[in-house]
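The feature domain 'EamA' is assigned by TrEMBL to 7-130, 140-278. Taken from TrEMBL, the feature transmembrane segment applies to 7-27, 33-51, 58-80, 86-105, 117-134, 140-156, 168-190, 202-226, 238-257, 263-281.
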């Protein structure tokens, strides 16, 4: 990759890593399900008025939008609201890559490579280490919700792989039309109309800034630049830069939120990132680079 494109890839990892700190700021003012619903409303409008809908059946927008919006972001926001640290959330969510491989083996009958199996074992050891650490006094349920959120992201990836949209960014814009209704409906049921009305009536600049960042900077700018790199270079080569997201997420959480990074956290980070990297290794086929399906979700 050219140096300027390497710089762009690193910038995207920074944007997506800082995104978890921004989410934490937004959750201080907005209930998690309401926040997740507004995130997709902002991502869809007004972009959907200017972006042509990809020529694929509507069912794929639903089959990707529900696990992505309600599953991944809904559970992630609830988990962080319950006390899952922003830095560790960025690390745990990286498990989506291995969940994708596991679900592909079950649902698409894709035979996992030995390196993928080894990567899963190593990465899940890191997840277990975090779980044992959190079980000593931190919110274990919040951790479990973030792990399930990573699994839901993997399920959305399977939907993307099967749908095969020609323009991933346009697909993401139109997928963003699906989650708002169920998320806002669940917010009214579980968080209550009074809490939602109070939050909307007292929107802080921090909450508005958080919505702007996660909807436009993280989603549209980040994913748009990522898509350009994917079209220019081997997908596997570009995808390795996503492994920089947890280090940037954990360091930014320590810098801006004062989260403490323990030795256990660092060991778990090495295991998870190392496991994902090991699972991403593949032998290049003769005749050119292999087309590696990439995550649909954006951080």
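Every residue, even glycine, has its Cβ placed from backbone N, Cα and C.
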Checklist outcome for this item: Per the Cβ filter (under 8 Å) with a sequence gap of at least 6 from its ends, the transmembrane segment (7-27) is approached by 1, 35, 76-77, 80-81, 86-87, 89-90, 206-207, 209-211, 213-214, 217-218, 221-222, 225-226, 229, 238, 241-242, 244-253, 256-257, 298-299
Checklist entry - If you run through the domain 'EamA' (7-130) with DSSP, how many residues end up as helix, strand and coil? => result 100 helix, 0 strand, 24 coil
Checklist outcome for this item: Sequence-distant contacts of the transmembrane segment (117-134), meaning Cβ under 8 Å and at least 6 residues beyond its ends, amount to 88, 91-92, 95, 98, 101-102, 140, 142-144, 147, 262, 264-265, 267-272, 274-281
Checklist entry - For the domain 'EamA' (7-130), what's the model's average pLDDT? => result 91
Checklist entry - Taking DSSP states H, G and I as helix and E and B as strand, how many residues of the domain 'EamA' (140-278) are helix, strand and coil? => result 119 helix, 0 strand, 20 coil
